[in-house]
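A.B. asks: Per TrEMBL, the features are:
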type: REGION; residues: 1-23; note: region 'Disordered'
type: DOMAIN; residues: 38-299; note: domain 'Protein kinase'
type: BINDING; residues: LYS66; note: ATP binding site
type: TRANSMEM; residues: 392-412; note: transmembrane segment
type: REGION; residues: 418-450; note: region 'Disordered'
type: TRANSMEM; residues: 483-506; note: transmembrane segment
type: TRANSMEM; residues: 518-537; note: transmembrane segment
type: TRANSMEM; residues: 558-577; note: transmembrane segment
type: TRANSMEM; residues: 608-629; note: transmembrane segment
type: TRANSMEM; residues: 641-662; note: transmembrane segment
type: TRANSMEM; residues: 668-685; note: transmembrane segment
Amino acid sequence: MDVRTPQPGQIDPELGGGEERTPVKFLYPTGSQPLEGYTIKRGIGRGGFGEVYFATSDAGKEVALKLIRRNLDVELRGVKHCLNLKHSNLIGIYDIRSDSLGDQWVVMEYVSGESLEDAIDRHPNGMPVEQVVRWMRGIGTGVAYLHNHGIVHRDLKPGNVFLDIDSTEGGTVKIGDYGLSKFISCSRRSGQTESVGTVHYMAPEIANGRYGREIDTYALGIMLYEMLTGHVPFEGESVGEVLMKHLTAEPDLSKLESPFLDIVKRTLAKDPEVRIGSVDELVSLLPDGRSVGPLHPEKIDGWTANQADGDGIGAAHLFPDTSVRGEHAAATPPPVPPKPMVREPIYDWVATNWNDTVDRWHQWPLHPVPKTLLMLGIIVLALLTIQTWGGLLAVSGVVYLFYYIIWSMVILPGELRRAGQQPPPPQPRRAHDHAQPPSGPPMSRAEQRRAATLKAHHLRTNWKEQVHKELSQKPLRDRATELLSAMVLSGIVCTFLSLLIVVVVGGNSSVERMPLHLWLSSVSTLGCWVVIAVSKFTEGRTEDQVPMRMWQMAGGSLVGLAAWGLAYELMIGVPYVNDAGVRFNGSMLSEVLDSNQSDYLQWYGTNAVLPDLMLCVMYFSLMMLVLRWWKLADYTRRTRLSLIGTGVAICGAWLLHFIFWFPQPTGVAVAGVIAVSTQLVSAWLPPSKRKSLAEQTMAV
C-alpha cells in the first residue's frame with residue numbers, strides 16, 4: 001500500500017489493469033480529526049487492508065495514517081512486532097492508536113517521494129545502470145536488516161519501495177509494508193489480495209508452504225530484472241498462468257549483460273538451495289557492490305546520515321545506538337570474539353542428513369492418511385527386522401563411543417586452536433560505524449545452515465511463548481468442549497489403527513482377532529484419553545513438567561489396570577514374538593526380584609501371554625511417566641503428525657520393557673497407536689498462522 005503523494009494518472013488499486021481511474025472517495029475528508037491529535041490533509045492511498053491518509057499532528061509533524069478496515073487481527077499482530085524496528089531504509093512505524101469508534105489506526109512515517117514503480121514506469125526500456133545499483137543497495141540494506149531481525153518481508157515489489165525526497169539533492173530508499181501478513185495480488189499494480197505475496201514476485205516454493213528468506217531474494221531478482229528491462233520476467237493473462245510460469249518457465253535473460261546476467265539467473269533459481277544464499281551476497285555481486293551491514297543503510301545520490309534532518313522525518317531518528325554525525329562518534333570497546341565451534345564430522349554428517357530427510361518428509365505434499373499408513377508400514381518392517389539391524393546398531397554405537405572419546409582427546413584440541421587462530425577480515429573504519437562489530441570469515445553452506453537453524457529455534461521460542469500465554473487463559477468450558485470432541489475422535493482413530501495392527505500381528509482366525517482388536521483399541525483409546533486430558537488441562541503451562549508427569553503416571557496406572565482386567569475377562573493372551581525384545585528373565589525386574597516368569601506370566605500357547613496386574617500397571621505407568629506425551633498434543637507443534645515424535649514414543653516403549661517386562665511388539669503397538677491418534681485428534685496451529693507469527697517475531 002502506498003504511503004506517498006499520489007502521482008498523476010495513478011491507477012486505482014481497487015481496479016487493477018491500466019485504465020485511468022475516477023477520483024477515489026475516502027471515508028474522511030480534508031480537515032477531519034478522527035484520531036485525536038492528528039488532522040487529515042488528504043487521502044493518499046487505498047488497498048486491501050484499508051485507507052492511508054496524509055496528516056499532521058497538533059505539533060505540525062507530517063505523518064501517514066493507515067486506517068485498518070480488513071484483516072484487523074492479522075495486520076495488527078504484524079505491525080506490533082515491527083514497532084521497535086528502526087532503520088533508515090524502512091518506513092518508520094510510530095504507533096498504533098484507536099479512535100472513538102473503535103477503529104484501529106497505524107501512525108507511520110510520511111514519504112513524499114516517488115516509488116520504484118513510478119521510476120520503472122518512467123523508463124519503459126529499463127533504468128540506467130547507476131540508478132539500478134543505487135536502488136538495489138538501498139533495498140538490500142533494508143531487507144538485510146529485516147532478515148537479521150528474523151523477519152521475512154514476503155511482499156517485496158516496486159510499489160512497496162519509495163524514495164524519500166529531502167532537502168538534499170538525493171534521497172533515501174525506504175521499504176514499506178514490512179510488518180504485514182501479505183496476500184497474493186491479482187495484478188502487480190493492484191491492492192486486491194488472495195494469498196501470501198504478490199503473484200509477479202512470488203517464489204515457486206511458496207506453493208509448497210515454504211516462507212524462508214529465499215522468497216525475498218527471489219523477489220529482489222524479479223525487481224532487478226524489471227528495473228533493467230522495464231517489465232517482469234513472467235507475465236500472463238491470469239494468476240494461474242503467472243504462477244505456472246514461476247514453477248516451470250525459465251526467464252528470458254538475453255537482454256541482460258554481465259554481471260547482472262549471473263545475478264538474475266542465480267536469484268531466480270527454482271530451487272531455493274541453489275539460489276543466492278543471502279541479500280548480502282546479492283548486493284556484493286553488484287557493480288562496485290559492498291556487503292550489507294545490519295546497521296549501515298545505503299543512501300543514493302550522495303545522501304549520508306550526517307545530513308539527516310533534526311525533525312525526525314529523515315534518517316536521524318532511526319539510529320538509536322549510533323550517532324549519525326561523525327564528529328560525535330564515540331569509540332566502543334571491541335566485541336568479544338565468539339568461541340570457535342568444532343563439530344565431530346561423523347555426527348555432523350548424520351545430523352545433517354537426518355535433518356534433510358525429516359524436512360523432505362514434512363514438505364512432501366502427500367495426504368496425511370497415506371502418509372500415516374506409510375509410516376506405520378516402516379515401523380512394522382523395522383520391528384520385524386530388528387534382529388538383523390539391532391545388533392549391528394548396538395555394535396556401531398559402541399565403536400562410535402570409543403572413537404568419540406579418542407577424537408575429543410586427541411583431535412578436538414588442535415581443531416579448536418586452529419579455529420581460534422583464524423583472524424577476522426579487516427573492516428573499514430568510519431566515523432559513524434563504531435557500534436558495528438567486525439564480521440567473521442565467510443560461512444560455508446553447512447555453517448549457514450546451522451546458524452539459520454539456531455536463529456529459527458529462537459524465533460520459534462518467541463512466538464510459541466506468545467501462543468502459550470493465550471492458551472493458558474482459555475476458559476475451562478472451552479477446554480472441556482475441545483477435550484470431549486477429541487476423545488470421541490480418538491476412539492474412532494484408535495479403533496481403525498488397531499484394526500490395521502491386528503491384521504498384521506493378530507491370530508489366524510476371526511475368533512482370535514476380534515477379542516484382540518477389542519483389547520488393543522480399548523487400551524490405546526484409554527491411553528489416548530489420558531494424554532489428551534492432561535495436555536488440555538495443562539495447556540500453555542508447560543514450564544513445570546513434574547505435575548504433568550505425575551498426572552500422566554496416574555493415568556498410566558489406570559491404563560495398565562484396564563489392560564490387565566480386559567485381557568483377564570476376555571481370557572486372551574497378549575501377542576508375543578520372541579525376536580521382538582528380551583525375554584522376561586532378561587529384564588531388570590527379574591534380576592532384582594530373582595523370580596521366575598511363572599509367578600508373573602500366564603501363557604496362552606507359545607505366542608500369547610497375559611502379564612499379571614503388577615507388570616501391566618508398572619509398564620504403562622512408567623511409559624506415561626518417562627515420555628513427554630504432551631508434546632504430541634501441543635497446539636504449536638511443528639506438524640500435525642510428527643514422524644520423530646511417533647518414533648520416540650515407540651522406541652521409548654520398547655526400551656521400557658527392559659525394566660518392567662511387557663510382551664512385544666504389543667507394547668510398542670499400543671504406544672504407536674496412542675502417539676498417532678493423539679496427534680491426529682489434537683488441535684493444531686495451521687501452517688499459515690504459524691509461519692506468519694514466526695516471520696513477524698524478531699529474533700533476539
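Cβ atoms here come from the backbone N, Cα and C positions, even for glycine.
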A.B. asks: Might you confirm whether the transmembrane segment (392-412) is in contact with the transmembrane segment (668-685), defined here as three or more C-beta pairs under 8 A between residues 6 or more apart in sequence?
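C.D. replies: Answer no: the transmembrane segment (668-685) and the transmembrane segment (392-412) share fewer than 3 Cβ pairs below 8 Å.
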A.B. asks: Name the range, of those listed as 392-412, 483-506, 518-537, 558-577, 641-662, that has the largest tally of Cβ pairs under 8 Å with the transmembrane segment (608-629).
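C.D. replies: Maximum Cβ contact count belongs to 558-577.
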A.B. asks: With every protein chain in view, what's the tally of Cβ atoms within 10 Å of the Cβ of LYS66 (ATP binding site), excluding that atom itself?
C.D. replies: 25
A.B. asks: Which sequence-distant residues neighbour the transmembrane segment (483-506)? Criterion: at least 6 residues beyond either end, Cβ under 8 Å.
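C.D. replies: Residues 373, 376, 380, 512-513, 516-517, 520-521, 524-525, 528-529, 532-533, 536-537, 575, 577, 665-666, 669, 672-674, 676-678, 680-683.
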A.B. asks: In the same chain, who gets a Cβ under 8 Å from the transmembrane segment (558-577) while lying at least 6 residues past its ends?
C.D. replies: 505-506, 512, 515-516, 518-519, 522-523, 526-527, 530, 602-605, 607-613, 616-621, 624, 662-666, 670
A.B. asks: As a test of reading the model: what is the averaged pLDDT for the domain 'Protein kinase' (38-299)?
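C.D. replies: A mean pLDDT of 81 is what the model gives the domain 'Protein kinase' (38-299).
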